[in-house]
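Trainee: For 27-239, the entry in Swiss-Prot reads topological domain 'Extracellular', with the evidence type sequence analysis. What Swiss-Prot lists as site 'Involved in the interaction with the conotoxin GeXXA' is H33. Taken from Swiss-Prot, the feature N-linked glycosylation site applies to N42, N58. Taken from Swiss-Prot, the feature disulfide bond applies to C156-C170, C220-C221, supported by similarity to another entry. The transmembrane segment feature in Swiss-Prot is assigned to 240-260, 270-290, 304-324, 431-451. Residues annotated as topological domain 'Cytoplasmic' in Swiss-Prot: 325-430.
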Amino acid sequence: MGSAPLPACLLALSLAGTVLAPGCGAAQGRLAHKLLHDLFANYSSALRPAEDTERALNVTLQVTLSQIIDMDERNQVLTSYLWVRQAWLDAHLAWDKDAYGGIDSIRIPSSYVWRPDIVLYNNADERFGGSMETNVVLRSDGHIMWDSPAITKSSCKVDVSYFPFDGQQCRLTFGSWTYNGNQIDLRNLLDTGDLTDFVENVEWEVLGMPATRNVVTYGCCSEPYPDVTYTLLLRRRASFYIFNLLLPCVMISFLAPLGFYLPADSGEKVSLGVTVLLALTVFQLLVAESMPPSESVPLIGKYYIATMTMITASTALTIFIMNIHHCGPGARPVPPWARRLILHHLARALCVCEVGESCGRPQREGTGGMGPRDPPGEGVEPGLCPRSRCLCHHHAVLSSVGYIAGVFRRHRTAQRRAAEWKKVAKVMDRFFMWVFFLMVFLMSVLVIGKAA
């Protein structure tokens, strides 16, 4: 008999493979069912899977930070989305993979096997839900790996002393709730948490997530209890607070010294100070609402309080200076020390000059630089005639003229006195304006320096 052609042989082999493939898959399924039945025939998930009950079972933990959902500074609670991986060896669930068609691993519900009761010690969730019920990966050598996502709420001590330029350290402490260190040896797989799949947060920047293993002995028990603590290093993104809270405060605080530059007769000097004070009070309330009620005052809060104190002082000084400005003709003369210090030295230093005066020349002590001199007929006693042809017998007329001249002199003296007090007020306004400008500048530099 002649041999069959080569194409016919290839077609027959391909058809045979097509027919046998479903049969192989069905065989694998039957072997997997048989494996599952054989493994859990006499298995109890309530007992710790250790061949020697005197030895501790090694459990490794690795946490992956996926997202920071919320940081509640007022209640001091951090809400985060984590992927928690736990791995251990269950000697009761090992099999020979050659006896089961080469099956090396299976995925089964986590409720089928024993699981370590690893919980978040500093949990702040009222429901205390824990991890999701996900499958575990069981390998032929008995190693079990359990990956489960979890949304955790952990307590975090928030220090707002340098808000909005602050950084926080939030700890996530994982440990067994009932097993001590002689029964479960909990260790971290890596020295840091995994941040490769982290979704960036708009408010917080994650600087790192180091992991440390601690062994703690509590007062209730003599056995040691190991735990793994992940420290989440956070730094606040301050741009939002700079543009919405800090810069408006700086600009408003620079308005306070300008109140001294307003003319005293405008009637708006005190109104400006009170308006600025009310605006800062509103911003202070906005900061207080978002901060936890603690003893530590935030940096921006200190800046607000210092600015409000400065504006209060400037408003009080404005009222005092306005009282000097409007003292009127009946006021006493300017004291010599005030005339020398304010009208001479400070006025020249601050270039506060009246019309026709020069800031470089000192004023004369007698007149204080106010008004023209007495005309040449004043100061002559009534009754004396400057010329020989004076009609001295008109005593009544001369007496009246002398009286009018005296009233005019007293009126001019009162006017000069009031003008001097007005200039004193103007010099003090200019002096305090520069003093408060310097104070605002120094406070702003201090805030920026502390932030750096």
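A Cβ is built for glycine as well, from the same backbone N, Cα and C atoms used for every other residue.
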Trainee: Please indicate, using numbers and ranges, the residues of the same chain that are 6 or more beyond the transmembrane segment (304-324) and have a C-beta under 8 Å from a C-beta there.
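Mentor: Sequence-distant neighbours of the transmembrane segment (304-324): 249, 252-253, 256-257, 259-260, 264, 269-270, 273-274, 276-277, 280-281, 283-284, 287, 297, 421, 424-425, 428-429, 432, 436, 439-440, 443.
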Trainee: If you count Cβ atoms within 10 Å of each one, which of the glycosylation sites N42, N58 comes out on top?
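Mentor: When each Cβ's neighbours within 10 Å are tallied, N58 leads.
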Trainee: Indicate the candidate from C156, C170, C220, C221 with the smallest number of other Cβ atoms within 10 Å of its Cβ, considering only these disulfide-bonded residues.
Mentor: C220
Trainee: Taking every residue in the topological domain 'Extracellular' (27-239), what is their average pLDDT?
Mentor: 91
Trainee: Neighbour count, 10 Å Cβ-Cβ cut-off, for H33 (site 'Involved in the interaction with the conotoxin GeXXA'): what number do you get?
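Mentor: Its Cβ has 10 other Cβ atoms within 10 Å.
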Trainee: Could you state the CA-to-CA distance between C156 (disulfide bond) and C220 (disulfide bond) to the nearest Å?
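Mentor: The Cα atom of C156 (disulfide bond) is 25 Å away from the Cα atom of C220 (disulfide bond).
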Trainee: Can you figure out which of H33, N42, N58, C170 (the recorded positions) comes closest in space to C220 (disulfide bond), comparing Cα atoms?
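Mentor: Closest candidate to C220 (disulfide bond), judged by Cα separation, is N58.
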Trainee: Could you give the Cα-Cα distance between C170 (disulfide bond) and N58 (N-linked glycosylation site), in whole Å?
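Mentor: One finds 27 Å between the Cα atoms of these residues.
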Trainee: Between H33 (site 'Involved in the interaction with the conotoxin GeXXA') and N58 (N-linked glycosylation site), what C-alpha distance do you get in Å?
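Mentor: Just about 29 Å between their Cα atoms.
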Trainee: Which secondary structure state does DSSP assign to C220 (disulfide bond), in the simple three-class scheme?
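Mentor: In the DSSP reduction, C220 (disulfide bond) maps to coil.
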Trainee: What does the structure give for the C-alpha distance between C221 (disulfide bond) and N42 (N-linked glycosylation site)? Integer Å is fine.
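Mentor: Cα-Cα distance, C221 (disulfide bond) to N42 (N-linked glycosylation site): 34 Å.
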Trainee: Please report the distance from the Cα of N42 (N-linked glycosylation site) to the Cα of N58 (N-linked glycosylation site), rounded to the nearest angstrom.
Mentor: 23
Trainee: Under DSSP, is C170 (disulfide bond) part of a helix or a strand, or is it coil?
Mentor: strand
